[in-house]
Amino acid sequence: MMKKAWKNSVLSRGIEIGGISFKVHPSFLVLMLICAILGMAAKVLLIFILVLLHDTMHILAAKGYGIKVQGVILYPYGGTAVMENTFEGRKLEEAVIALAGPALNIALFIAGQALRMNGIFEGRWALEFVQINLWLGLFNLIPVLPLDGGRMVRAFLADRFGFVRISKGLAYMGKVLGGVMIFMGFYLQARFFYFFNPYTIIVLGFFFWIGSNRELANARIVFLKNLCRKKEQLLSRGLMRSRCLTVNKSTPIAAIIDELNMDSYSLISVIGSKDRVERTLSETQVMQGMLEKGWKCSVGELL
């Protein structure tokens, strides 16, 4: 299923490096075209190379955990790896994989700046190199989705708030950031402030908004894929940490799913009249009910 989706994804042709296909999303091409029109073609090429290196670090980190990578789609704000097996929800793996890209950019910034200060690496390109690496490193650490910082935050807060809920919250924050970038771009344009190119900020903010919307729409889908891994873990180990949720009959199934997490198995107690437990459902029963009756049905319809 993943392979088929990958083959039918944007830009079916890509650059293959080490058995991994790198594909450029149309939005990235649009941004590159705009920058080229503004006389920034060489700078765009440097950004493209550094983004490739950034995502190569994500891939190497994923491979270190035995996660198979089919390919990478490059967006204006960075790349998104397409994995054959899921890893979201595994705290250490998701955090390390997310951190690998920004860590490389910050390391390159420090190395480049040290060489500049010692007169070894000089000129306009040296300045561009350190500035772009600093921007890629720090920008990607902002704790919103679809950025790496958001994935790191999700890795450690999913247990407490639920994978879907924290994913949605971080994606909404990403939309806000995208909106702020668009507003700031127009504001800077109106003020004739060109230290940061307003058009680039507007375009980047627009595509950032789209990326956050995609994360918002896919939150439950990603969670459902990870449930298969959790079931396999329960069957292979024979035990798993559990947690309890208490709901009433009118609670929507979608609200329960938003509370579930990856590292424990949930048992849902349904409270009836006089605050008595009428029945206890497993998360598997809730998921089966969702598949049969849809997201919007209530818990009472499963009893």
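Each residue's number is its place along the chain shown, starting with 1.
Cβ atoms here come from the backbone N, Cα and C positions, even for glycine.
Feature annotations, courtesy of TrEMBL:
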type: DOMAIN; residues: 44-111; note: domain 'Peptidase M50'
type: DOMAIN; residues: 130-176; note: domain 'Peptidase M50'
type: TRANSMEM; residues: 28-53; note: transmembrane segment
type: TRANSMEM; residues: 95-115; note: transmembrane segment
type: TRANSMEM; residues: 135-157; note: transmembrane segment
type: TRANSMEM; residues: 169-188; note: transmembrane segment
type: TRANSMEM; residues: 194-211; note: transmembrane segment
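Under DSSP, the residues of the domain 'Peptidase M50' (44-111) split into helix, strand and coil as follows: 42 helix, 13 strand, 13 coil. Comparison of 28-53, 95-115, 169-188 by number of C-beta pairs under 8 angstroms to the transmembrane segment (135-157) places 95-115 first. Shown for the domain 'Peptidase M50' (130-176): DSSP residue counts in helix, strand and coil, namely 39 helix, 0 strand, 8 coil. Here the domain 'Peptidase M50' (44-111) returns a mean pLDDT of 81 for the predicted model.
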